[in-house]
Each structure stands twice: as structure tokens, then as C-alpha cells.
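Have a look at the structure below, then the notes.
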């Protein structure tokens, strides 16, 4: 019987491999048509735009809301008469939390559907998978999530924060206000590892001290041992780059171990309003996060945005930084197209340089050099109602610097390693 | 010294959680030989049941009663998962006995369907469950060592489940019938045991225990549509290491993995610790392919 089990397990593995290769080769055959891409808009007063997020799989938790915000922006623009007098027609594809699928679907959107632009992606892995496709077919991608920097593709606009608009100022603020010893905790993949490499350089340069660094696999659910290590290291600050469900387990178990926000500061870069609901306010209260936008951000544009979002998707829904960045992306693209008078990728990129817009987070501006966005940095504290209270902001929007060229200590990082 | 005590406790705590998620599988996979890939989703159903009970208490009960919702949630999770297990067995699993590969693929599909169902009903984002206040905090022994009540509670719950299962399987009439059917189906049928009923009951109980595990895990971890996938590999690992078919083997399997994982994780890192545990398991199974506790059986298969 033992033998049977192993036999069937290995048979399953083979079956899985066949299924996976079957799926991907299935899609590859369709890539011949329309390789000039991007420019060919649909006829009859319509412009097709692609939306490519994970609507199933583990990332659906986060990406579904971004998709909804993008759809809302498209509806709003259509209600006001569309772009260049044409209606926007969204073509929605599911990336299924699987990076090769993102690449295949991006190819399909550009080549077959002939979309003018694509809004999509969340994880860095999905962006890295799509990047060569957009560069090869000269498409246009709007990527809405904060990320680890060290990238500037001519075919991607980055509407989320790069490191110098989130992590770097947060570390500086923590060093000045909360203490010198840092414990770095992150999920084991590209974003946390790159982010922590930057933080370590910065700590060296700005007089901080690293007392521990730990990575856990995505989906890790038991933090007992890590918490013992944190207790032994006694840091002033835990800088948390965990992603997804692990945050729930970490914060619940941290509280049970008798550590609250009063005893030790934690600052997270992947915990926003949406995640607070899943983790539970009772365990998160008092902990910090760094973003460019909170639902509580006080601007007239944000008031309307939050109202409309809740009206459309339910009063119990919350907005968050990536949701807002996805919403901004659609408006920025629409404004660039209006200015260019065309959806041609080269013309839109030219028109987008220096474009300004009053976003819910305040005034934002596209940087012509690296196609990132000038954004205001905000550090917030979780309140009992599940919202953030802003403790500090950078005042003016910060110029994006994905390669951290403006920081002396970051020399070795931007040199390409 | 503090650290050693704390890590020892953590090791037992991790073991208890592993045991809890593996107990149901020890029945459906261990006894019935159904490679039940939907086991993780039954855990997920248990977790969402706890969430539903919490919301019911919030809306219909006086707030003074709220702290006791968790006590109601445990049997409720068991019943919901039990009924879904019963339904699964009647509509699908019973056609797949003795066909491990088919049952593996079919239950995997069921798992995906259940995940999507949860996503449709409760939405894609995680939901929050507030732990009852009597489980907050912990017991302080010697200085810096805090034993969280939730972890102690889970250890107690696992012991309770174990005792209940032991009594049911080894000391009750229906348990004896169950063992008879699992050991020699034809002979049991000849002796007048309704194998259909025993199969249905056994699978449903295994599912119900997965439901309890899900309910308890809301104290420690996330509650979302795909949480089952985090636990399924560990659950199989425990059952296979312990030796398929023996309850006591599952207990040793969980202790072995839990304790070694904690030690390795403390010495190295979380990722490397897990790799080392897997390596040890692979090496061990090379040496003893039947697992820690081999079932002696005269049947040829």
C-alpha cells in the first residue's frame, strides 16, 4: 500500500507537469497577429484598454480591489464623455497569481485585443514577467504598487512608490523618532530582500544598528520562533516587509507573546486599510505603516473618491494606497492621451512628461525621466477604528529616484547588484 | 535558559498545531486511503464557520455573551465540516475507493471549487475573527517566558480530540466496525456490517475534525479562501512520517516535525529550517519507508 501511495504521488506530479506545459503551449500559438501593438485602437468611437490582475489564486485578496478601482475610474471617465470623445472599453483578464500567465495574457491583450494600454500587476514577479512582453511589442503598462525600485522600463509607468518615497524616508524617521536598533523581518522573495539590502546600507550610513534579519516563506503561519528571536534581540524597531497572510499570523502571535505597540515599534510597508480588516484592529492598534495615501488623507478629491468607491462597492469597503494608485493610473493615462490627441504609445509617453493631476493623495506629477510619480510620503499609526492617523508627512511630493542616485550610501546598490 | 524553555514550549505548540491539522487526515488518508487534497479546504470551512458564529453572536446576542462565541464555534465548525464531508463522500468519494490517483485529482478539484465558493460568499480579502478576551495574554513563568493562553488552549484542545478519537476508534462499537471495514472490507461485509454507512461516517468524522482544526487556527493565523493550501503539505507530511494507518504514529510524527522545526528554525532561519526538516524526513523515509509506526497487517496489498 505504501508503494501505491508513492506511485500515485509521482503520477500526479507528472500529470501536473503535463497540465502546466499544456496550458502554456496552448497560449503561445496565438502570438503572431498584430505585433505593432498599442496603437491600433478599436473602431466606432471606442478605445479598448486592458486590465490584468489576479482575480483568482493567492494574490486575488489584494488585486481584486485594485481592479475595481480601475473599473470605477473608467466608468467615471466614460460618464464624462470618454477620452478624445471615445468610450473606454475595458478588457479584463485574470493573471491567476501565476507569473507566466501574466506574460501570456499581456501578450494576448496587446496582440489580439489591440488594447491602447494595460493597467495591471501587483507582485514584482508579475511585473518582471510582463516587462519583456511590453518592451518587445511596444505596449504600455501602468503598474500601481509600491515596489523595490532599481528599475525604469520605457514601457512601464510606475504609479506606486519607489523606495525613496516609502522605505528610505521611513527608516530616517524611525531613526530620529523611535530608536537605533533595527530587526528586519520579511517574506522570502525579491521585494523584501532588495528592500532590506537598501535598509542595511542606510542604517550603516545614518548610524543605525542591525540586530537581526529574518525571512519566512510566503504563507508561513507560525512565528513563535521568530518572536523568541526578536525578544532576545530586543530591537527598538521591527521593520516588517512580510507580505500577504503571514502578516495576520505574525501580528496575532506577537500580541499573544505579550508585545504590544507600546513595548516595541513595528513599521510595515505592506499593511494597508484592507489588510487591517483581515488581521483585526485589536492586534494592530498602535503599529505603524508607511504609504503615500490613507483612506483618512484629508483632501477634497479623496472625500469624493472614498464616497464613490463605497457607493459602488459597498459601505463596508475601504480604500488603500494601491487601490488609489490604480485609480490614479487610469486618470493619468487618460489625461496624457487627451494631451497627445492620440493613443499612440510614443506620443502618450511624450505627453505624459511632467503631467500633473490632483489625485486623492494630493498633487502628483509624472517624472519624465523614469516614468515614476512624484508622491508625498506619509507615516501612519493604526487607530481603533481601523483607519490610520498620519504621524508625519514629507510635505511636498518627493521626486522618485528608483536607483537611489541621490543617496551617497546607495552607490553599491545602483551599480547593478 | 529562558530561551530554551520558551523554545521547548514553542516546539510543543507547533507540534500541537500540526497534530490538529493532521488528525482529520489521519482518518481520511490514514485509515481510508483516500488521498484527500480537499482536507485543507475543510480546515478553511471550519475557520469560516468560526467567523460566521462570531458574526451571529455580534448581531443576535447580548455583548456580554460575545466572549463565549468560541465555545459555540467549535462544535458548529465540526458539524458544518462533518455535513460537507458527508455530502462529499456520498456524491464523489465513494466512487473512488481503491483508486488513489483518481481520488487525488478529484479531491484537488473539489478543493479548488470550495476555495472559489468561499471567495464568492465571503469575498476575496481575508476576514477577521476577534479572539475571545479570556484567551488574550499569557501565563508568565520565570521572568521573560510568556506562555500565550491561545497556544495552551490549542494544546488542550488537541489532547481532548485525541482522547475522543481514541475512545471512538478503539473503545466503541462503531469504532470497532470502522476498523474492521478498513482492515478487511469483504470479510466485514460478510459479517453483516454496512460498509457504506461506515465509510460515510468515517469520512465525515475526519472532515469534522478538520473543521475543528480550522476553528482553532483562527486564533493564530489568517482566515481567507486559500488558507487550506498553507496547511495541506504539513498535514500529509505528518501522516506519512508517522506511518499511515496508526493514530499514535500521527502523534509522533507531529512531535518529531514540530520539535525539530523549532530547533532548526532557531539555529538557522525559517526557510532553511524548513528545508532541513524536509531533508530529515526524506532521509528517514528512505531508511524506514513505512514511517515511525508501521501498521502490522496480514492483508496483502
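Please read every residue number as a count from 1 along the shown chain.
Here the Cβ of each residue, glycine as well, is placed from N, Cα and C on the backbone.
The transmembrane segment annotation in TrEMBL covers B:12-35 (among others).
Away from its own ends, the transmembrane segment (B:42-60) comes close to residues 21, 24, 66, 68-70, 72-73, 76-78, 80-81, 84-85, 114-115, 118, 122, 127, 129-130, 207, 210-215, 217-218, 223, 225-228, 231 of its chain (Cβ-Cβ under 8 Å, at least six residues beyond either end). Taken from TrEMBL, the feature transmembrane segment covers B:42-60 (among others).
The transmembrane segment feature in TrEMBL is assigned to B:66-88 (among others). Listed by sequence, the residues of this chain that lie at least six past the ends of the transmembrane segment (B:66-88) yet keep a Cβ under 8 A from its Cβ atoms are 38, 42, 45-47, 49-50, 52-54, 56-58, 110, 131-135, 157, 200, 203-212, 214-216.
For B:152-170 (among others), the entry in TrEMBL reads transmembrane segment.
For the transmembrane segment (B:203-223), the list of distant contacts is 17, 20-21, 23-28, 31-32, 34, 36, 39, 42-51, 70, 73-74, 76-86, 88-89, 93, 126-129, 131, 135, 150-151, 153-154, 157, 161, 165, 168, 230-231: same-chain residues at least six beyond its ends, Cβ to Cβ under 8 Å. Annotation source TrEMBL lists transmembrane segment at B:203-223 (among others).
Here TrEMBL flags B:235-259 (among others) as transmembrane segment.
Long-range contacts of the transmembrane segment (B:266-287) within the same chain, counting only residues at least 6 positions beyond its ends with a Cβ under 8 Å from a Cβ of the stretch, are 3, 7, 237, 240-241, 257, 260. What TrEMBL records for B:266-287 (among others) is transmembrane segment.
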